[in-house]
Amino acid sequence: MMALRGKTRAAMRCFFLTQQQLRLPLPLTPSSAADISSISAPSSHRFFSFTCSSLFRHSPLFAPSNQAFSRPISFRELHSSPPSIRSFAARGLQTMPNSDSVTYLTQREAAEVDEILMGPLGFSVDQLMELAGLSVATAIAEVYKPSEYNRVLAICGPGNNGGDGLVAARHLFHFGYKPFICYPKRTPKPLYSGLVTQLESLSVPFLSVEDLPADLSKEFDIVVDAMFGFSFHGTPRPPFDHLIQKLVDLDDPTGVRQRTPAVVSVDIPSGWHVEEGDVNGGGMKPDMLNFSGAHHFLGGRFVPPAIVDKYKLHLPPYPGTSMCVRIGKPAHIDISALRENYISPEFLEEQVAADPFVQFRRWFDEAVEAGLKEPNAMGLSTVGKDGKPSSRMVLLKGFDQDGFVWYTNYESQKAHQLSENPRASLLFYWDGLNRQVRVEGSVQKVSEEESEQYFHSRPRGSQIGAIVSKQSSVIPGRQVLYEEHKELQEKFSDGSVIPKPINWGGYRLRPELFEFWQGQQSRLHDRLQYTPEEVKGTRVWKIVRLAP
């Protein structure tokens, strides 16, 4: 979503989108979709351009605008500190592999695409603007958690870019951020005034240029640059020249400031030449160019098949239900600077259950309700007689007062280590809740009856997989697994019972220690440990707090 400079002007190609709406006479039907190739762009259009590096040409994954055109929405963090923020890779967003996997469009082709979207495909202005603002807001939320980057200043221009910024601010409010709006040149159109009314109904503050602090870094964590986009020409006039300078002043190469706000630009950095970038060298500076920047997203998840087919587009896959996709080269990551400042409710002794099994059930249910992926995934650590530990992820398949159960091959490495040293440690990590649980204890096999019952509850493909895999043994290649799996599928295609391998079954860990961990700010985490003890002949659990 971020427009970037090429290394030389000659090496750059531009993506032009018309700013004028063409009303085509017929709606898009299956037959007219096939006729899209006959549409061409008149030469009289004014163009809305999107610059690209010589390494990459955006395929038309358009985020919307408030005028009668659609365009990609640029999105990039330009300045941020500490370094961990500059290099942090947003979770849940995929990366475009390389320049060979994307589509290059000419100016005329891009104009044609715009005509089709705003003509026969029937996209409306307000619909597209809403999608654009949502794309910006979701990308921000992927990279900057509201617990750390809460105060957002959206500086909005009088046109298309400004409308996207207003919509983004509204979504950010509902995402848990605290937005502020600087909108010095309001556009007196119903679409824009409606956006202002929506924000005012949420009590989002509107700040005049005079109300802004001299140093934006003192009061804001994120600044959204939604002043000027691809259609801008000429030199910025007051008050936007002053506002752009404020963003330029946020650049802190000497590291004097303790923290510099993340600056997010919609389309391109305001003040840049659309095709030639930062011509005079005095504008806002992206921290990295040529698609190696830390945060470079593309939005606009609505390109119809007719356009994909006509232009033979190679579109990046959007992960899950995400509105955005990361494009470009993966960012360099300073591992030493990666950290999370957890913000969680207090986890106090008087709030926890006296029985750790009850407390675990409580937390496990909350992890399930939170929609976390595989909340039953757990790290299993074992140690053999040689004293060398090993860990791996397995899936919890049951727990009660007797312990925690998982299933595996009895000839695997972990099984051999457990036969030599029947003790293990389990670790559950629930990132979305800032929680982890550690359980230690002795291990023994579950009954053959229990293993048999669980084995036949599994999908038939998994049952066959358990037979095929001689877990932890060396095999000549993956094809060996496929071939044997296929043979067994054919063998049991009649629906007959698949026999459980004799070397496959379950283990149960009987807990002797629980530790519940809740992440907190400044590394002052909560750690409550349960250990059993005898009190008047009765086994009870002693709860102590451990230093983080």
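If you go along the chain as it appears here, the first residue is 1 and each next one adds 1.
The backbone N, Cα and C atoms fix where each Cβ goes, and this holds for glycine too.
The shown structure was predicted, so the numbers you read here are calculated from the model rather than taken from an experiment.
Listed in TrEMBL:
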BINDING   Asn160, Asn161, Gly162, Gly163, Asp164, Gly229, Phe230, Ser231, Phe232, His233, Gly234, Thr235, Asp267  (6S)-NADPHX binding site
BINDING   Asn161, Asp225, Ser270  K(+) binding site
DOMAIN    110-335  domain 'YjeF N-terminal'
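Of all Cβ atoms in the protein chains displayed, 24 besides its own lie within 10 Å of the Cβ of Ser270 (K(+) binding site). Ranked by how many other Cβ atoms sit within 10 Å of their Cβ, the binding-site residues Asp164, Asp225 place Asp225 at the bottom. The predicted model assigns the domain 'YjeF N-terminal' (110-335) a mean pLDDT of 84. The most crowded of the binding-site residues listed here (Gly162, Gly234) is Gly162, judged by how many other CB atoms sit within 10 Å of its own CB. Cβ neighbour count for Asn161 (K(+) binding site): 29 (other Cβ atoms within 10 Å of its Cβ, all protein chains included). Cβ neighbour count for Asp267 ((6S)-NADPHX binding site): 33 (other Cβ atoms within 10 Å of its Cβ, all protein chains included). For Phe232 ((6S)-NADPHX binding site), the count of additional Cβ atoms within 10 Å of its Cβ stands at 23 [all protein chains shown]. When the binding-site residues Asn161, Asp225, Ser270 are ranked by how far their Cα is from the Cα of Gly234 ((6S)-NADPHX binding site), Ser270 comes first. Neighbours of Asn160 ((6S)-NADPHX binding site), defined as other CB atoms within 10 A of its CB across all chains, total 29. Gly162 ((6S)-NADPHX binding site) sits 9 Å from Asp225 (K(+) binding site), taking the C-alpha atoms as the reference points. Within 10 Å of Asp225 (K(+) binding site), as judged by C-alpha distances, the binding-site residues found are Asp267; the full candidate list was Asn160, Phe232, Asp267. The Cβ centroid of Asn161, Asp225, Ser270 marks the K(+) site; residues of that chain outside this set whose Cβ lies within 8 Å of it are Ile155, Gly157, Gly165, Ala226, Met227, Phe228, Gly229, Ser265, Val266, Asp267, Ile268, Pro269, given in sequence order. Taking only the Cα positions, the spacing between Asp267 ((6S)-NADPHX binding site) and Asn161 (K(+) binding site) is 8 angstrom.
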